[in-house]
Amino acid sequence: MKRIHHMNLLLKYVFLILVGILLIFPLVYMVFGSFKTNQEIFGSIKILPKSFDFTGYREGWKGSGKISFGVYLWNSFKLVVPTVILTVISSILTAYGFVRFTFPGKKLFFTIMMLLMMLPASVLLVPRYLIFVKLNWVDSYNVFWIPAALATSSFFVYMFIQFFRGIPSELDEAARIDGCSSFRILLLILLPLSKPAVISAIIFQFIWTWNDFFQQYIYISSVYNYTVSLGLRMAIDTTTTIEWRNILSMSVVAVLPCVLIFFFLQKYFVEGIATSGLKG
């Protein structure tokens with residue numbers, strides 16, 4: 001019996017290792033490919049480069065035309081950081097209202113929110129674009145900032161609702177006896193207890209917004225406002241010979257912020273998903 005158990009355990013580990021290799025291989029190849037010439041990339045199946053030449057990083061950072069890759073990187077941070085902050089704040093306030101207060105139409109609004117969460121983003125793309133054109137927001141980051149401030153991300157609102165429901169309301173009552181207002185209860189009691197959920201929301205929104213290409217491609221038209229994803233796409237659109245090591249090098253630079261933020265916050269991320277009741 002023990003032998004069968006050990007064999008099953010071994011097969012599980014082998015399977016997980018193989019899946020892990022398949023998942024991490026593109027990232028590993030991208031890193032090593034950033035040191036290869038076009039001839040090495042297309043003329044050899046070896047993963048390791050002949051030499052670790054950083055030409056791709058130097059040339060890739062120069063960008064195309066008058067705009068360096070540093071501009072795209074800075075634009076991405078200008079877009080992503082406010083979007084993350086506004087999304088987290090607005091989602092927390094909205095979830096707090098749903099969980100701790102009673103108001104007319106509460107169930108109706110919650111149902112509408114759940115229905116919106118099931119809609120794909122592409123369904124709302126055309127009506128949102130028409131609205132943004134009339135508001136003169138197209139080709140600006142207001143397209144992303146304003147909706148984030150209005151708690152349009154139903155997923156995060158629902159995540160915080162699930163987390164707040166797990167916090168006993170007796171803590172609120174005790175705080176009110178001590179003279180705390182509703183806002184102070186949220187700030188001093190619920191938020192410290194909701195740290196894992198907040199970190200999870202920050203990681204999710206940061207990665208999703210940073211890696212987003214479709215919406216940024218639709219709403220941003222000026223090259224000077226391009227983000228990392230749009231800058232990489234423009235490098236591929238060039239009419240001259242594509243230096244793939246430049247693109248792979250800048251892809252490595254582009255993916256670093258997402259990897260770092262997940263690496264340093266993964267402990268809270270796992271805890272937040274486990275305690276919020278969300279499952280993949």
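In case you wondered, yes, glycine gets a Cβ from its N, Cα and C as well.
Positions annotated as transmembrane segment by TrEMBL: 12-32, 79-99, 108-131, 143-164, 185-208, 214-235, 247-265. Per TrEMBL, the feature domain 'ABC transmembrane type-1' maps to 73-265.
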* Structure fact -> If you count CB pairs under 8 A between the transmembrane segment (214-235) and each of 108-131, 185-208, 247-265, the winner is 247-265
* To do: Between the transmembrane segment (108-131) and the stretches 79-99, 143-164, 185-208, work out which stretch tops the count of Cβ pairs under 8 Å.
  => 143-164
